[in-house]
Amino acid sequence: MATLDVNPQRYQQQLAEKVQRLTDMFAPYQAPELEVFESPEQHYRMRAEFRVWHEGEEMYYIMFNQETREKYRVDQFPAASRLINDLMPLLIDAMKDNESLRRKLFQVDFLSTLSGEILVSLLYHRQLDDAWIENAKALKQRLNDEGFDLNLIGRARKMKIVLDRDYVVEKLDVNGKPYVYQQVENSFTQPNGKVAEKMLEWAVDCTQESQGDLLELYCGNGNFSLALAQNFERVLATELAKPSVESAQYNIAANKIENVQIIRMSAEEFTEAMEGKREFRRLKDNGIDLKSYNCNTIFVDPPRSGMDVDTCKMVQGYERILYISCNPETLKENLDILSETHHITRFALFDQFPYTHHMEAGVMLERKA
């Protein structure tokens, strides 16, 4: 992780700059007034990764200055959740005098939740042996006894040792209703828990009066699918990454939601299936008949690269498009195509990444009359 100047006194100023930037960027599309969703000013990041530096008997976390690439010591990290900050010094103290746990340890990754769970991954430049497992079990027990709801993972080349789980279970509150989400180590999750809740509430609000079914591309662990299911008869969601699909299935069952179906496909493959260019066995094997769906609304949350031209053209076939973007530059490129047929009816900024130039945006589009 790189330098981050977390300064609550600067929070409103940096937010105002983003509001101005996003408003100016989307002025050509006659977007309505921007809805702005703030982040907590500190302790907002549910994840953090640190390199580990060894100096004689000493051992501590470091980060790198993005401009100079110089390393600097980090004992606390105000961007990260309070849970991560509480654990950081205790973890280092517990490991620094233990040869088995400290030897060739080069990185520590933390994944925490609003629900109070935390997962710690210890990364090594050596193979892990039985002595490491014994010591790691004792470390886990010690931290559990100190009140941390914690699991541990040891990683080395081609090696992963899990004590006792490689995931956390997050609870997000959407308009007073709790949703539980399995979040697996090393797979994508929304980094800012409080803003993630606001994004879900906004998406639910945008689709309130919906008819028929919802199609969702790039659904990840089902983050949006589950909350949006209440507004639609059925939800058909696609995702390519296998661990995310498995988490999505877990989350559907855990939340007892019966009208969501996940299929493992890329957006590009799904476009081909929709257009009848190719038949896919996995649709048949899962008993999915695309023709039986009546999708007037499509939800997309693509990677930073946005959607390719063919996917944009397929998406244009839907009455309403809900688009969440972690990169407004590629959203703008996609809107050059989408705005030929649709106009923006809702426009939002979610401050997922305070004190950085990154912005998360949301637009609701409806077909022009």
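Don't overthink the numbers, they just go from 1 along the chain as shown.
Including glycine, each Cβ sits where the backbone N, Cα and C put it.
If you look up Swiss-Prot, you'll see Gln190, Tyr218, Asn223, Glu239, Asp301 marked as S-adenosyl-L-methionine binding site, on the strength of sequence analysis. In sequence order, Thr238, Glu239, Ala267, Val300, Asp301, Pro302, Pro303 are the residues near Tyr218 (S-adenosyl-L-methionine binding site), counting only same-chain partners six or more apart with C-beta under 8 A.
Taken from Swiss-Prot, the feature active site, nucleophile covers Cys326, and the record attributes it to sequence analysis. Long-range neighbours of Cys326 (active site, nucleophile) (same chain, six or more residues apart, CB within less than 8 Å of its CB): Pro303, Arg304, Gln352, His358, Glu360.
DSSP assigns Glu360 (active site, proton acceptor) to a strand in the three-state reduction. Glu360 (active site, proton acceptor) counts 23 other C-beta atoms within 10 Å of its own C-beta, drawing on all protein chains shown. Annotated active site, proton acceptor per Swiss-Prot: Glu360, in sequence order.
Other Cβ atoms within 10 Å of the Cβ of Gln190 (S-adenosyl-L-methionine binding site) number 25 in total over all chains.
For the binding-site residues given as Glu239, Asp301, the lowest number of other CB atoms within 10 Å of the residue's CB is seen at Asp301. For the S-adenosyl-L-methionine site, the Cβ centre of Gln190, Tyr218, Asn223, Glu239, Asp301 serves as reference, and the other residues of the chain with Cβ at most 8 Å from it are Phe188, Cys219, Gly220, Asn221, Gly222, Phe224, Ser244, Ile324. All protein chains considered, the CB of Asn223 (S-adenosyl-L-methionine binding site) has 27 other CB atoms within 10 Å. In the three-state DSSP scheme, Glu239 (S-adenosyl-L-methionine binding site) is classed as strand. Here the binding residues for S-adenosyl-L-methionine are Gln190, Tyr218, Asn223, Glu239, Asp301. Their largest Cα to Cα distance works out to 16 Å.
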